[in-house]
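J.: Here it is, the structure, as structure tokens.
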Amino acid sequence: MSKSGGTRGPVTEMPLDASIIRIPPHHYIHVLDQNTNIARVEIGPLTYIRQDNERVLFPPVRMIMVPPRHYCVVSNPVARDEDNQVLFDQSGQAKLRHADLEIRLSQDPFPLYPGEDMQQDVTPLQIVYPDTALRLQALLDFEDDNGVKRVAGDEWLFEGPGTCIPRKEVVVLETIKATVIHENQAIRLRARKEGKDRGGVQRVTGEEWLVYKVGAYLPGAYEEVIDIVNAFILTDKKALHVRALRPFKDAGGRERRTGEEWLVTAADREAHIPSVAEEVVRVVDVTTLSSRQYCVVLDPVGTDGKPQLGQKKVVKGERSFFLQPGELLENGIQNVYVLSEEEGLVLRAVEAFNDEESAEEEEEGPEVRTQEKAKRSRRSGILRRPGDRWMLRGPLEYVPPASVEVVLKQRAIPLDENEGIYVRDIKTGKVRAVIGHTYMLTQDEELWQKELPPNVETLLTSRLDPLADRSTRQAGEAGGPRDKTRVVSFRVPHNAAVQVYDYREKKARCVPRLCPRLRLCP
């Protein structure tokens, strides 16, 4: 037992073997009777005359003083009767409740009997402020002042404002502060034990849920705050791609299955707080098309909300939309084909379809048919089979449907009267020369390159003037490479001739100066 001061005040210095001991007011000493080996308490003010068979254990010390709103804990306290009087045994020794604790609040100064000890010095009572609580746990079975029976291990909250009066059967685990929920916020809670939450909903151990109510929320004894969830603000340009982690009913009342993905837009709600059963995959930006743009959407989502795998959908501007989960853009945003009179598009069908646009273009062409036939053609269209090629000529604006592939864009080739090109038909393989007028290749034609011997190539690319340099034997400087798709032309000077060899008939002929240029056929 501690005999020093502390909260009991200073020790009065005096010899312990003195015969007369003066005990000041609110002080006490312990006297040991050496005959019976029993210690007793002597309380001042008193002048104590020590007997020969007695021994003073320590000088006078100050009594324990517990001021208002304070408490102390005494271990091995003395037993008391109904009148709060100390009980003694037959030999006169105070009865102790061994291995027990007693919490003493504000009262008159009191001494410590032999065997008692201070477990905790005088300590201020704990004040619990508003929006704060103490999480308490029962160490023993007991019934509190309100008649509530507590079992060892139970936990509950002491919510403020108030002053917590300690009990020996209760231990304070922690201090809990309320979490403030702002607008467009929620807190995520987890149940540490099966029971009911503050809303009266039955929860199982490990279950998580959200609380959306704005204000201060004080979690229960078996609730723990995991995180504060902020809402995603949805606008006309932002949407939210979410995925279900387990089956549940979303905020719109629709049943969702595990792994299902969907889009939350501003049309659904202004702000979205993801629940515990869904996760945010990403934020989706709006796709905007102008009046001169279009795009091809792969695996479009149908009316049932499920992606149509393997299909395509063409979206024309002006339009703004969000790509649904699973949708992708093929080649991104593309510009509409704007064709002039000298331009055309070579198209190829990738799947069978009824081409109504080409039928209308044909009806608007130079070959005008009767009105009834035109209406019938527009209604029936042209049946295109996979692999078919055709050509659209300008002027027009064209957006290819999903079943059409643009092979290339043709442009008319302007030709002078002494210029020409070699054209080959890819179906028959026949090569012909087109000379002297503007020509556009059709869907079944391509430019053909005419190969010549090296000496002829050198002659054609030389910079010698046929008239001024006709007597010069040295070769002139070579010019740029020859365009092999152009009809070969050679300037024949005046009063001269050129020998031409026909590879097909294997005959040679001489061409005199009849025209300013000689053009070689394929």
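Glycine is no exception: its Cβ is also placed from the backbone N, Cα and C atoms.
Pasting the feature list from TrEMBL:
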DOMAIN    63-122  domain 'Major vault protein repeat'
REPEAT    69-129  repeat 'MVP'
DOMAIN    126-167  domain 'Major vault protein repeat'
REPEAT    130-182  repeat 'MVP'
DOMAIN    179-220  domain 'Major vault protein repeat'
REPEAT    183-235  repeat 'MVP'
DOMAIN    232-274  domain 'Major vault protein repeat'
REPEAT    236-290  repeat 'MVP'
DOMAIN    287-333  domain 'Major vault protein repeat'
REPEAT    292-340  repeat 'MVP'
DOMAIN    337-401  domain 'Major vault protein repeat'
REPEAT    341-416  repeat 'MVP'
REGION    355-381  region 'Disordered'
COMPBIAS  355-365  compositional bias 'Acidic residues'
DOMAIN    412-471  domain 'Major vault protein repeat'
REPEAT    417-468  repeat 'MVP'
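In the displayed structure, how are the listed features positioned relative to their neighbours?
T.: For the repeat 'MVP' (69-129), the model's average pLDDT works out to 94.
Across the domain 'Major vault protein repeat' (126-167), DSSP assigns 0 helix, 22 strand, 20 coil.
Residue counts for the domain 'Major vault protein repeat' (179-220) under DSSP (helix as H, G, I; strand as E, B; rest coil) come to 0 helix, 21 strand, 21 coil.
Sequence-distant contacts of the domain 'Major vault protein repeat' (232-274), counting only residues of its own chain at least 6 positions beyond either end whose CB sits under 8 Å from a CB of the stretch, comprise 184-186, 210, 212, 280-286, 305, 320, 322, 324-326.
With DSSP classes pooled into helix, strand and coil, the tally for the repeat 'MVP' (417-468) is 8 helix, 16 strand, 28 coil.
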J.: Take the domain 'Major vault protein repeat' (63-122) and count its residues per DSSP category (helix H/G/I, strand E/B, coil), listing them in that order.
T.: 0 helix, 29 strand, 31 coil
J.: Cβ under 8 Å, sequence separation of at least 6 from the ends of the domain 'Major vault protein repeat' (179-220): give me the contacting residues as numbers and ranges.
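T.: Non-local partners: 131-133, 157, 159, 226-231, 233, 271, 273, 275-276.
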J.: Quick one: DSSP breakdown of the domain 'Major vault protein repeat' (287-333) into helix, strand and coil?
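T.: Helix (H, G, I), strand (E, B), coil: 0 helix, 25 strand, 22 coil.
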J.: For the domain 'Major vault protein repeat' (232-274), what are the DSSP-based totals of helix, strand and coil residues?
T.: 0 helix, 19 strand, 24 coil
